[in-house]
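A.B. asks: Below are the features I grabbed from TrEMBL:
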- ILE10, ASN11, GLY12, ARG25, THR71: substrate binding site (BINDING)
- CYS29, CYS33, CYS36: [4Fe-4S] cluster binding site (BINDING)
- TYR35, CYS36, ASP37, GLY73: S-adenosyl-L-methionine binding site (BINDING)
- THR38: Mg(2+) binding site (BINDING)
- 16-226: domain 'Radical SAM core' (DOMAIN)
Amino acid sequence: MPVAERFVSINGEGACAGKLAAFIRFAGCNLRCGYCDTMWANVPGAAAKGETPEQLAAWVRQTGVECVTLTGGEPVLQPLLPQLVELLLGEPGPCERGLRVEIETNGAADLGELAALRARIGDATPGVLSFTVDWKLPSSGMEQRMLPANFRLLDTRDTVKFVCGQGDLPRALEVARQLDLPGRVPVYLSPCFGDIEPARIVEFMQENQMTWATAQVQLHKVIWPDVERGV
Ligand SMILES: C[S@@+](CC[C@H](N)C(=O)[O-])C[C@H]1O[C@@H](n2cnc3c(N)ncnc32)[C@H](O)[C@@H]1O
Ligand SMILES: Nc1nc2[nH]cc(C(=O)O)c2c(=O)[nH]1
Ligand code: SF4
Ligand SMILES: [Mg+2]
């Protein structure tokens, strides 16, 4: 599998924000979001080290952390991802309750196989798998690529993330309602970094009584504003 980088940091996004996590970033993506902060990992021929699922699972074990984030680029494009996920879910984890494996995915890669794997494995493995799925909004330039079927596969273990740029907030609310997310899947609203004031997101939530949504700023960019890799 083409690994652009792997590192331990605190998770800066999603339901595990603030917790130590082992990150594996795969090279290559099927989208080109205008704001992408990891374009360096997406370009054809991006530097990547070939590693097997077994090697990656061994590295995760050696880190000693409980949370694992599989990201990219677009991790769901990797044909061996289900194999890696199955290995990770079978790991005992540092606290003997298994690993919390999170897949960060863009909404434009079919989640059917991974959702079926999760249903098949069920409670038989110690680990837990969750999907953090973006719905790309107009400012990304990629909204037409979203696969609504992906969002029907999600439940309370998962997260739908709306990265909001200028003018995107009303569309995020409309999509959340159309996809029947409130009360069914946790929803996070995150500012496209540097593009809109986070306070604008909070105001919008207040104006629209979005009690079901969570506002979130990318924590790692607050802590390490000028560092692009390895955090
Ligand atoms: C780099 S992407 C990799 C995973 C997958 N390709 C995706 O888009 O979800 C990880 C997360 O970073 C977010 N992201 C990328 N650039 C961003 C930016 N400039 N501001 C805020 N979030 C950003 C994406 O929207 C996504 O939720
Ligand atoms: N610290 C940190 N947390 C993250 N959570 C999701 C990330 C990603 O790029 O998918 C990310 C990242 O790049 N760094
Ligand atoms: S889908 Fe994710 S990795 Fe791909 S361009 Fe968009 S933000 Fe970047
Ligand atoms: Mg990132």
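Yeah, the Cβs are placed from backbone N, Cα and C, and that goes for glycine too.
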A.B. asks: Return the maximum Cα to Cα distance in Å (whole number) over the record's substrate-binding residues: ILE10, ASN11, GLY12, ARG25, THR71.
C.D. replies: 15
A.B. asks: Taking only same-chain residues 6+ apart in sequence, whose CB is under 8 Å from that of THR71 (substrate binding site), what do you get?
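C.D. replies: Listed in sequence order: PHE23, ILE24, ARG25, PHE26, ILE103, GLU104.
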A.B. asks: Is it possible to get the count of other C-beta atoms within 10 angstroms of the C-beta of the residue listed as 'Mg(2+) binding site'?
C.D. replies: 18
A.B. asks: Name the residues of the same chain, 6+ apart in sequence, whose Cβ is under 8 Å from the Cβ of GLY12 (substrate binding site)?
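C.D. replies: For GLY12 (substrate binding site), the qualifying residues are GLN218, LEU219, HIS220, LYS221, ILE223, VAL231.
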A.B. asks: Need one number for the S-adenosyl-L-methionine-binding residues TYR35, CYS36, ASP37, GLY73: the maximum pairwise CA distance in Å, whole number please.
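C.D. replies: This binding site's residues have a maximal Cα-Cα distance of 13 Å.
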A.B. asks: So which binding-site residues out of ILE10, ASN11, CYS33, THR38 end up within 10 angstroms of GLY73 (S-adenosyl-L-methionine binding site), measuring C-alpha to C-alpha?
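C.D. replies: Candidates kept after distance check: THR38.
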A.B. asks: State the mean pLDDT for the domain 'Radical SAM core' (16-226).
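C.D. replies: Across the residues of the domain 'Radical SAM core' (16-226) the model's pLDDT averages 97 on the 0 to 100 scale.
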